[in-house]
Amino acid sequence: MTQAAFDQASDNGPMTPSGSSFGLFAPAVVLLALISALATFLILMGLTPVVPTHQVVISVLLVNAAAVLILSAMVGREIWRIAKARARGRAAARLHIRIVGLFAVVSVVPAILVAVVASLTLDRGLDRWFSMRTQEIVASSVSVAQTYVREHALNIRGDILAMSADLTRLKSVYEGDRSRFNQILTAQAALRNLPGAMLIRRDLSVVERANVNIGREFIVPANLAIGDATPDQPVIYLPNDADYVAAVVPLKDYDDLYLYVARLIDPRVIGYLKTTQETLADYRSLEERRFGVQVAFALMYAVITLIVLLSAVWLGLNFSKWLVAPIRRLMSAADHVAEGNLDVRVPIYRAEGDLASLAETFNKMTHELRSQREAILTARDQIDSRRRFTEAVLSGVGAGVIGLDSQERITILNRSAERLLGLSEVEALHRHLAEVVPETAGLLEEAEHARQRSVQGNITLTRDGRERVFAVRVTTEQSPEAEHGWVVTLDDITELISAQRTSAWADVARRIAHEIKNPLTPIQLSAERLKRKFGRHVTQDREIFDQCTDTIIRQVGDIGRMVDEFSSFARMPKPVVDSQDMSEIIRQTVFLMRVGHPEVVFDSEVPPAMPARFDRRLVSQALTNILKNAAEAIEAVPPDVRGQGRIRVSANRVGEDLVIDIIDNGTGLPQESRNRLLEPYVTTREKGTGLGLAIVGKIMEEHGGGIELNDAPEGRGAWIRLTLKAEGPKAEPTDASTKATGAATPAAPAASAMARDAAADSAARGKNERT
């Protein structure tokens, strides 16, 4: 829109007030409606001589409803005019609505408060009549009377059962001497305070009646449910309008004969019961009509509120017309500025006073905005170009990059940092880095007080049970301001450190194996030659001679096996894989360890067969190392807390993997630096070589599997899990079909011989290695 078009659209003249067409009619209607609303409120509150009867309430409701309709028509006409003006593009329509809304809010709040106060006053008055305490009193009075009657019913039940038992024993008297029987019946009735006692038949005819002189004769009711009575369960009869309670029970050993008794109830209690029941019925009837009264008053309050609200809206509509003429031009110009047209100018009329100054200020503002927009657009293009370049660099680097503000809160987190820390950007943003990664607190504090621009160091993080070592560098952002941020970079050097340690220890192992292995063969050959050449010539202490030579040979073998471990770790042979049965390997290994450690209970749960491709010798070595470590860990537990040593070996197939779990109740694994136990020469035992788990880990890695170190699920101990690829179709985990507890499984003679040798070696060495 050009400036000329804007001036033409904005200079259409002021809006004329609607009062010119209505004259004094509209203000008079508003005034009368407000007077009617006030009078209605005073009548309802009881502040006038007029009693708010049903007829009065209906009358004032109709009068106020008519006032609401007239006011609605007047307000609707004004709103229609505003809508018509808005359709023509006049911005003043919005201002009209806002001013009307302001008037409505200002008026509706006190109207609502008055309605709420009146409603609360009415509710408080009704609540005093229908409070829970009043309801409880009325209901309790009925309950007390009914409880009294029920108590009589329970008492008469016990009396009739006792009396029935006594009369059953008197059957012979009944058949031989009816006169004496009647005397006994009368005495029984008098003794139990039963003024009515008689023997009746099923057809309700009376056979015998007790002669209790009370001046009243009891009649058997025709609706007595005599057929429902049993010898152990009498029928209790409570007539509605009578002043007694009765009961009937069949007599055992009597032919079609029933005992019917009755006891009087205090007639005042019966009268009270009827009175309380009638009172309760009247009370509930009043309570049912309570809602109607509340609805009528609520409608009246709503009508009063509508009158006040509509009157305020009408006043707001007319008052706003005198304000919108000078403001309309500013609003229209502001709309053009919002659409991006900063060349618009508002005409200035000095007669408008302060609004003219506002228009002049508006024109200055648009001029400044136009200049600043051009500068901002230029700077935005430069910043956007740098942002895209920075995002591309951060997303492509392998190191984790974290940006911090002056309060050490995270502002930037690239994908590598999310992956290394196991956090999402949503979880980490705007949180303190020391809170997200507490291990960096020391470096952050050092960087804050350091003179150099960057500080670096290594930290160890444990996430999901895994320890990782990171090289961390904290760099201070250069800024002329006193407050500045930091850039933190993280590099995962765990594998690098592990590879360096493994390489260094492999070289050490190779040298140790070379230096120790050379003298072993001559020592062993010399001991065997001594035994073979001089054994038959030794006649004295021959047993000691054989024991010494055997010990030398066995110890040389132990040292040789230790050297073999060094050599195996230094030069681990490539596995020669072929199809094998893992279940058979586990059973044989468990059998050997069970014989070598009879003090430990070995539980094995393995399927009948688990085919896989692996090197039989290497996997057997790995299982033996794990089981030996478990047994020695149990031996390391102090005897007073050890209890029964137990090792559980289970295996099953999960998907495409074979999973072998070894759980013991030994000393367990350390919580800190647990993953370092898989590195060479890292051990928690004084005499341990630190190669057992390292060799196991290497064997599993060569087979495409892995090893996990966990705590035992129950109590103390360790849980080692070995995984390697299975052979054959994928299967779900199967229940173990082989389970042994302490007893040895059948094995070949060669296996038994190996087991005996292993047991002897274990007893001789007495090693205590746990890695």
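Backbone N, Cα and C atoms are what each Cβ position is placed from, and that goes for glycine too.
Pulled from Swiss-Prot, these are the features on record:
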type	residues	note
COMPBIAS	740-763	compositional bias 'Low complexity'
DOMAIN	321-374	domain 'HAMP'
DOMAIN	386-458	domain 'PAS'
DOMAIN	511-728	domain 'Histidine kinase'
MOD_RES	HIS514	phosphohistidine
REGION	727-771	region 'Disordered'
TRANSMEM	22-46	transmembrane segment
TRANSMEM	56-76	transmembrane segment
TRANSMEM	99-122	transmembrane segment
TRANSMEM	295-319	transmembrane segment
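For the transmembrane segment (99-122), the neighbouring stretch richest in Cβ pairs under 8 Å, chosen from 22-46, 56-76, 295-319, is 295-319. Helix, strand and coil counts under DSSP for the domain 'HAMP' (321-374) come to 42 helix, 0 strand, 12 coil. Residues 52, 56-57, 60, 63-64, 67-68, 70-71, 74, 114, 118, 121, 297, 300-301, 303-304, 307-308, 310-311, 314-315 of the same chain lie 6 or more positions beyond the ends of the transmembrane segment (22-46) yet place their CB under 8 Å from a CB of it. Sequence-distant contacts of the transmembrane segment (56-76), counting only residues of its own chain at least 6 positions beyond either end whose CB sits under 8 Å from a CB of the stretch, comprise 26, 29-30, 32-33, 36-37, 39-40, 43-44, 50, 296-297, 299-300, 303-304, 306-307, 310-311, 313-314, 317. Broken down by DSSP into helix, strand and coil, the domain 'PAS' (386-458) contains 38 helix, 16 strand, 19 coil.
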